[in-house]
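Peer 1: When I checked TrEMBL for this same protein, it listed these features:
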{"type": "COMPBIAS", "residues": "7-20", "note": "compositional bias 'Pro residues'"}
{"type": "COMPBIAS", "residues": "47-59", "note": "compositional bias 'Polar residues'"}
{"type": "COMPBIAS", "residues": "69-79", "note": "compositional bias 'Polar residues'"}
{"type": "COMPBIAS", "residues": "117-127", "note": "compositional bias 'Polar residues'"}
{"type": "COMPBIAS", "residues": "128-143", "note": "compositional bias 'Basic and acidic residues'"}
{"type": "DOMAIN", "residues": "166-408", "note": "domain 'Threonine/serine exporter-like N-terminal'"}
{"type": "DOMAIN", "residues": "503-618", "note": "domain 'Threonine/Serine exporter ThrE'"}
{"type": "REGION", "residues": "1-104", "note": "region 'Disordered'"}
{"type": "REGION", "residues": "117-143", "note": "region 'Disordered'"}
{"type": "TRANSMEM", "residues": "273-301", "note": "transmembrane segment"}
{"type": "TRANSMEM", "residues": "322-343", "note": "transmembrane segment"}
{"type": "TRANSMEM", "residues": "355-376", "note": "transmembrane segment"}
{"type": "TRANSMEM", "residues": "388-412", "note": "transmembrane segment"}
{"type": "TRANSMEM", "residues": "478-497", "note": "transmembrane segment"}
{"type": "TRANSMEM", "residues": "509-528", "note": "transmembrane segment"}
{"type": "TRANSMEM", "residues": "534-551", "note": "transmembrane segment"}
{"type": "TRANSMEM", "residues": "601-623", "note": "transmembrane segment"}
Amino acid sequence: MSSGPYPNRPSLPLTAPPPAAAGRSRRASIASTRAGPGATPNRRTSDATSYSSFNSRSEGSLKREGSDTQHPSDSQATLASEGIPDRGRMGRGPPIAPPGLQENRRPSILSRISSCASQVSGLSSTNGEDRPPFDTKESYREKVQRMRSRSREIIENHVDYEGRKDFVAWLAKALLSFGAPSHRIESQLNSAAEILKLNVGFVHLPNLILITFLDSETHTYQTMFVRSGGRISLTSLHKVHLVYREVLRDKINARTGCIRIRKILRTPPPYTVWMRCLFAFICASIICTTAFGGSFVDMFISGLSSSTLQFLGLRAASKSPIYANVYEISVAIIVSFLARALGTLRSALFCYSSISSAGVVLILPGFTILISALELTSKNILCGSVRMVYAIIYTLFLGFSLTIGSDLYLVLNKHARTNMALITNAESQYAHGALLRNNDTFAFELQGTFEFVPVGESGNVFKGCYRNPAWPWYQQPFPWWTLLFLVPIYSVCSSMANLQGWDSIQLPIMVLFSCLAYAANRGANQLISNRGDIVSAFGALVIGLCGNAYSRVVGGTAFTSMVTGVLFLVPSAIGNGGGLIQTYSTSTQEYSSGFSLGVRMIQVAIGVTIGLFISQIIVYALGRRKNAAHFAF
């Protein structure tokens, strides 16, 4: 008989407890061991852990009755033999041993500490053969893959989100301030935002860019209005493009790019006001002889007019907003008035058409019309249509201003009209009618438009200016060989007038491309005359091929290298058509002269646009596609 909860009942032969009850037996043994010195010891007390006290309290420990304590396995066996259900099996399924005492489960705290100590001490001797469980190959591979995927999400230098936003905003302001081609601004900003990992949208209006940033983490929008207006600055544009390329190619970070762009915006022009007036004088003097048929004396008058125009624009118009609105109209009236006064002298020393056309050549909206045509071709209908309408109205203002200045002098000097008879009689006269036969000698009757030209004087009119062969050399047009040095000089001064640095490597490249474009334009004019659009397309094709090839092969800036040559095409093509304003003899011709100027400028712009796009297709038809740093017409 053994002591236990049922002392009067005989105990059956004991067998090994089932595996599910092993844990409960051990806990009971631990509890009885701690009950007192009279408890029966268990042979597996070495596996006892801190779970014992908690489980003995929660499960109910088997305590000693009297002086003896029954082994828990005997109690369970007795309960099973008597048919009494075990408390661990009632409603909870088979009893589960604690994690610290099950086989193939987590070891106890003491055993884990000893195991880790032995593993750490044996790392130097195992040489990687027996790795600890927390440093397996799988975990290391996962760590490397996670680091690689995180580094691919964004470039290292572009981590700063606010810096990337500021760079895009400052880039937009710089492109607007320095006269970048507006049909390329939006594509450049989109490329920058894509590479910088920005969720942003752009709306480009004339002199205004709306930028909307979307923060994907906070789901908030931020809208910026970037407004700026300025004239073209070739050196600053080239510097901005270099910063743009360095940021997108991950050579510098966005914060450094913002600092450099702000420094470029604060940099003053490389030339003073008086030097820019000198450049305007040289450009107008040369364009008077090369494009508008002026003589040696005409070029000085047109140069003085252009330099005065430049000075008023840089000083008076920039300081007075009221005068800035009527600046071009007032200057055109003054230049036309002076040219008519000199052109009606009895000695016929000066030519009105060449002086008036070359005097206002710097304020011609040729570049604006060209940009508008490029925008319309690029499907940018909003900006293109607005600029085109503005350029046409502006051209009409110039034409009517030149007419007003001329008529104003003719009103003041009544004898001036009689002095215009020489050039008027030398021009062609048109008549619409029919030739009828009076007798049988003339067999045909002719009907249509007839042109009557004075045979003796028709060959002496050169681009709207009468040139008598008996006159001295300073009243004659320049010979063709003078173009060999006049065109390069004009290209240099025109580049500097557009704020290109004299010590830049870009300057000789601009001069070379401009000379090639003028040669192609003049050669096409000899073959195809009276078609300003086709002639301009040939010159634009040549300069487009040169500029895009220079950008693709050498890595230069295509736009800045092409600007001088493109600006040279506009007055040259207009001069081939007879100048800005021609000598008229009737009120109808006087009224239509302003409209004809606008039509001719649109024809020139269309021809230049077609030539530039064809050249771009030819250069970029083969090879790697270039999107991020493409900066050209």
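The backbone N, Cα and C atoms fix where each Cβ goes, glycine too.
What TrEMBL says about a protein is an automatic prediction, not a curated fact.
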Peer 1: Over the domain 'Threonine/serine exporter-like N-terminal' (166-408), what is the model's average pLDDT?
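Peer 2: Result for the domain 'Threonine/serine exporter-like N-terminal' (166-408): average pLDDT 87.
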Peer 1: Ranking 388-412, 509-528, 601-623 by Cβ pairs under 8 Å to the transmembrane segment (534-551), which is first?
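Peer 2: Between the stretches 388-412, 509-528, 601-623, 601-623 has the largest tally.
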Peer 1: Can at least 3 Cβ pairs under 8 A be found between the transmembrane segment (509-528) and the transmembrane segment (601-623), with each pair 6 or more apart in sequence?
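Peer 2: They do not touch: fewer than three Cβ pairs between the two stretches lie under 8 Å.
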Peer 1: Based on Cβ pairs under 8 Å, which of the stretches 355-376, 388-412, 478-497 lies most in contact with the transmembrane segment (601-623)?
Peer 2: 355-376
Peer 1: Do the transmembrane segment (273-301) and the transmembrane segment (388-412) share at least 3 Cβ pairs closer than 8 Å, excluding pairs fewer than 6 residues apart in sequence?
Peer 2: no
Peer 1: Who are the chain neighbours of the transmembrane segment (388-412) in space, where the CB to CB distance is under 8 Å and they lie at least 6 residues beyond its ends?
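Peer 2: Residues packing against the transmembrane segment (388-412) from afar: 206, 328-330, 332-341, 344, 352, 356, 360, 363-365, 368-369, 372-373, 376, 580-581, 590, 593-598, 601-602.
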